[in-house]
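> Just passing along the structure, written as structure tokens.
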Amino acid sequence: MDHRHGKGICYCPDGSKIQGAFYLGRVEGYATREWKDGRTFQGLYKSDERFGPGVESYPDGRQDVGLWLGNHLIKLCTEVPGSFSVLDYPEHYRYVDDSSQRKYISVKEDPFLRSYKHLPFDDKDIFPEGVLAYSHNMDHLTLTHSFLEGCDAHYFENTTELPEEDPWPVANGTPLLVRMQMHAYKHRQQKRWETIQLLLRRGADPNVASVPSHLLFFAVKAADAKAVKLLLEKGARTDVRLPSKFRGLSPLHIAASIPGEEGVQITEYLLSSALDLDARAEDGNEVYGPDEPQDKEANMSGDVTLQLKNEAGPPQEYFSSYNGPVPEEGGRTALHIACEREGNSEHARDVIRLLLMHKANPNTLWSGHSPLSLAIASGNDLAVVELLKRGADPNLPLSGAVKSALCAAVSTAYEHQRTTAQRTALVDKLLEAGADILAPVTLQEGKRKAVGTAVDFAYYKYYQDRRIANTPYHMLSASEQEVFQTRQSLLEHITAKLREHVILKEKEWDQEELRRSKKLDSAIHVCASKKKERNHHEEQGRLPIFKYCYQCGRSVGVQLSPCKRCYEVFTCSEACRRKSWNERHSLECSGLLEKSTIQTVPSAGTAGCKKNIVCKNGREVEEEKRGRGKSKVKTSGRETHQKND
């Protein structure tokens with residue numbers, strides 16, 4: 001094909017001369033045209049026509065300067081008041097604003113690391129904001145980098161694909177280039193380190209520079225333990241803070257969050273000169289991430305899940321009141337940050353140990369959480385052991401989504417951090433450390449409140465997941481069935497612990513008085529008129545009784561009914577009554593009935609007593625004549641339960 005292409009000089013039939021760039025026989029780009037009458041034009045051309053900025057000069061010295069479209073001057077150059085800077089260009093301003101210090105600068109996008117002769121890498125620097133590329137006339141715009149990539153992809157589409165390899169950390173990476181750059185970086189870093197050492201030896205003050213931040217922060221953020229140690233030896237201050245927009249963190253806050261052995265070493269160096277181990281960050285208004293409300297599933301609802309009836313909770317005789325100091329609420333301490341870390345449990349435990357050995361307070365609150373509850377929520381059992389060993393109070397009242405460390409252990413919000421066996425072991429560990437399962441826990445739904453126990457809190461969280469709690473088991477998926485079984489196993493375990501603690505507590509009291517008080521209290525549920533017939537002395541002498549379901553352990557949001565034979569235990573439903581009777585109460589209730597029968601029958605022979613009882617209850621004489629074996633007691637107890645009910 002016979003076309004003019006490239007840079008050159010073209011002599012036209014009218015005697016004019018064009019010097020510039022040609023494409024497919026036409027003038028494209030910058031060119032200069034001279035006529036015989038002395039006129040000249042210097043500017044941009046497109047398809048042999050003026051297009052864009054240009055200057056036409058006349059023999060008398062006049063000039064037309066502006067934007068040209070063909071032979072028409074559509075805009076003259078005018079003087080604009082004011083000035084412009086790099087910030088006026090979108091392809092540059094992102095590197096010089098306030099956020100540039102927090103953004104990683106890519107080698108491909110950094111204008112100082114590439115030639116300006118290359119095409120712009122970011123399409124948004126070319127197209128106006130809000131205009132789609134395919135709907136805009138791009139003839140007058142600069143070619144974009146994506147066009148170049150698309151052209152290359154179209155050209156090389158039939159090329160055999162190379163085998164995939166591990167990505168290199170730099171563009172156009174080859175093994176030799178990577179080794180060269182690593183050597184160069186190592187050499188530069190060594191030179192910088194030698195320069196820092198030289199300056200500090202010559203008396204440079206590490207506390208002078210504070211823009212953008214103090215020198216110690218750079219060493220801590222880089223996890224350079226050797227640099228931190230050197231700066232501290234030269235008098236670097238540890239009580240400095242980042243600006244408020246960065247939460248006012250101290251070097252100790254940042255060191256407590258560094259993973260690996262470097263974080264442990266830096267924390268140890270800082271503790272040797274730290275002034276305030278319990279310094280608070282400026283994030284007291286933030287909410288712990290897992291506690292934030294999430295509407296990602298329809299089965300998680302904020303609707304009413306329990307019918308709260310302003311229950312008063314366990315009587316004070318059943319639990320030990322918290323007598324410690326009122327916990328301080330505020331921003332995070334370094335201990336909070338270390339306990340909040342997920343993963344790398346061993347090094348996090350070491351940081352926590354160092355902080356506690358230097359007398360950091362383990363009983364402060366941030367976002368309603370103590371360091372102990374944060375360690376429970378993050379799944380770090382090693383940190384839990386360390387905190388309990390060094391003074392963390394498992395009964396510390398919390399003010400956030402969880403009300404105590406034990407509530408955090410049974411909450412469904414953090415169940416993904418542990419297996420069923422690990423959650424069960426965690427509950428046992430807290431109870432062994434002195435956590436009171438009978439401590440009052442306040443529950444609230446809307447304007448209604450009630451006071452219960454950690455078991456009530458566990459059921460409260462359980463019923464918030466309506467999908468798992470209310471869907472028949474066979475309609476759940478395999479993963480949901482596993483979640484259901486896990487939650488049921490934990491509920492049964494903590495209920496058994498509650499039952500054990502109540503029984504042990506009640507064994508400390510006079511059993512006859514306790515039995516009499518339970519019967520008097522249960523009479524209210526049987527006949528309301530009996531309450532008026534009781535004398536005032538019995539009302540004052542009655543022991544306070546904690547009413548809870550003997551099977552599921554709940555005391556809030558349920559209607560409790562006493563056992564109709566002994567009036568000493570309560571159940572919340574027919575299912576709980578039957579299950580409790582079959583599993584344990586049949587033996588216990590039969591023993592209580594046997595003792596009460598011996599005390600109330602006349603002083604006749606045992607056979608006569610048995611005969612009277614048989615006749616009264618309508619039982620067959622042959623059944624009563626059997627031996628009082630273990631199997632007989634259980635069978636007769638069940639039959640008596642069915643008849644009386």
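Glycine is treated like the rest: Cβ placed from N, Cα and C.
Just so you know, TrEMBL annotations are computer predictions that nobody has curated.
What TrEMBL shows for this protein is this:
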- 247-282: repeat 'ANK' (REPEAT)
- 367-399: repeat 'ANK' (REPEAT)
- 549-589: domain 'MYND-type' (DOMAIN)
- 622-645: region 'Disordered' (REGION)
- 636-645: compositional bias 'Basic and acidic residues' (COMPBIAS)
> Residue list, the repeat 'ANK' (247-282) vs rest of chain: Cβ under 8 Å, 6 or more residues beyond ends.
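Apart from its flanks, the repeat 'ANK' (247-282) reaches 216-217, 220-221, 223-225, 228-229, 232, 238-241, 330-335, 337-338, 341, 343-344, 347, 350-351, 354-355, 358-361, 364.
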> Reported in the order helix, strand, coil, what are the DSSP residue counts of the domain 'MYND-type' (549-589)?
16 helix, 5 strand, 20 coil
> In the predicted model, what is the mean pLDDT computed over the repeat 'ANK' (247-282)?
91
> Would you list the DSSP helix, strand and coil counts for the residues of the repeat 'ANK' (367-399)?
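Helix/strand/coil tally for the repeat 'ANK' (367-399): 17 helix, 1 strand, 15 coil.
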> Is it possible to list how many residues within the repeat 'ANK' (247-282) are helical, extended or coil according to DSSP?
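Residue counts in helix, strand and coil order: 17 helix, 0 strand, 19 coil.
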